[in-house]
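Under the heading domain 'Amine oxidase', TrEMBL lists 23-409, 438-503. The FAD binding site annotation in TrEMBL covers Glu47, Ala48, Val220. Positions annotated as substrate binding site by TrEMBL: Phe345.
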Amino acid sequence: MERSSSTMDEEECFKVAVVGGGLAGLSAAEVLSSSTIFRKEDVVVLEASSSLGGRIQSVSGLAPWPVEIGPEFLHGTQNSSIKKLVDEMGCVQRELNFPDYYYIGHEGRLLTSEQASEHADIEMVHDLFKALIDEDSTPEDMSMAEYLRKKGVSSTVMSFAEAIYGNDFGCSLDKLGVHECIQEAHQWIYGDTYIILDRPLSSVVNHVARNLNIRLDWAVKQVEHLEGGNFRLRSQDGRTLRADFVILAVPVTTLQQSLITFHPPLPEGKLRAAKAIGMSNVMKVVMAFTHQFWPKGLFDVVCSDCFLPEVWMTEYPEAPSAADSNGDEGCKNPGPLGQYIVVGFIAGDGASRAAQLSEEEIFLQSLTQLDRMFGKSDHSFALGSSVWRQPAKAEAFNATSTVSGRVFLKDDVLDPSALTYLAESPETRPASHCFRGGMIVNWADRHFIRGGYSHPSVNARGARLELAKPVGNIFFAGEATHPGVNPCLQAAIDTGRRAAHEVWGTCRRSSL
């Protein structure tokens, strides 16, 4: 894989420049580089950061395996390009059912999926969302929050809907659009199974990128259409190169926030389409533990009326080294921080509220929730701020990283006076007792991402199709351009391949 940099005094020329080294951009470049009309050296991938994968990133050192801090699951086993790809790679796959458990926060009750199927409010939520496929798309769009209020649902049902569906879609119910939810229900063709692999998702990234011409740390600032018909691309540090065709495979936030300027400007309709597509914040709270304190076989819990609307516990084969995959935020410590990992997932308004808290407070609320979920009942339990300390700025557990975020140790977070207290109460406070440290991943702070993933949005009908349309010889890819309102990995691959075929078709027509 070539990862060289262009020089300041020589302007390189390419047939195609692909902006963005996530799965969409890499898939586009893979198709073009292996086609009959382009050579490998004709196509260049320009990645703004120092690693490939876009939102596919992992951290090493927290557990005996790299922990995914971006996407972790493959959604669906049918008609899926990502499923076909990992099959071809020989990945061992494990199927999981979502949701596995439910936790009713205001009652303090943990239910299995079988028990939840007999809970009237939970079943009502599932029935309402399943019924969307039979709804007509009325002229007036509305949010799912408004839609459910018009259905007369209770506050309890609304809370379950927020945790089960809003959080999973990557936003709050007041940002979730009914029309696009209906569209997603009609166009979801992949099935309901969740899959995890026997290796980091970055191995899929490396597989797709293995024969490509790549420039890392090449953040495109400007795309200029020249009189000769080709384009000059300028980086943030002043480097330039030229290309006959440009594929933009960047998060929709890049266009929304004008992080790349175009000369001449993109059409107003294109910009309106980009701004109509919602991409809310997503936060992951990754926590390492010495022991397992949850039921054996438990994989995922959706939690209503809780700080963490969803938590999951996944295990993988041990990695042969501390940083065995590209894009890892490698830790220098010789062994893993913990033996077990719990990931808390917060999206939408909940993530925005959590981002206003200190990292210590985020861990406090997360551990308190886990203690209440899995500890023996203790009504006197109130883990107050007095047992939490403000850590020194020095990083006791170094995480070398090209992006923001650091690993916190238990001693960074808990006051020493609390450690003895917690050691004496492992049954009522199992999470706090077994906690070793963790990491907060706020995707709104990731400079070249600035959010989680696109979601069904209010008044966004037709926006994804509009965003996907070429503008001259500029083409568009990425999960936000997928017509199925599908923020999954297969959407990235499919739209990258679609953009590549559009370039290929344009070249064929121009040669006739």
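Using the three backbone atoms N, Cα and C, a Cβ is placed for every residue, glycine included.
Caution: TrEMBL annotation is automatic and unverified by curators.
For the binding site of FAD, formed by Glu47, Ala48, Val220 according to the record, the largest Cα to Cα distance is 8 Å, rounded to a whole number. Secondary structure at Val220 (FAD binding site), taken from DSSP and collapsed to helix, strand or coil, is strand.
Listed in chain order, the extra residues whose Cβ falls within 8 Å of the Cβ center of the FAD site residues Glu47, Ala48, Val220 are Val19, Gly20, Gly21, Leu46, Ser49, Arg215, Asp217, Trp218, Ala219, Ser235, Val250, Phe448. DSSP states for the domain 'Amine oxidase' (438-503), grouped as helix (H, G, I), strand (E, B) and coil, give 27 helix, 12 strand, 27 coil.
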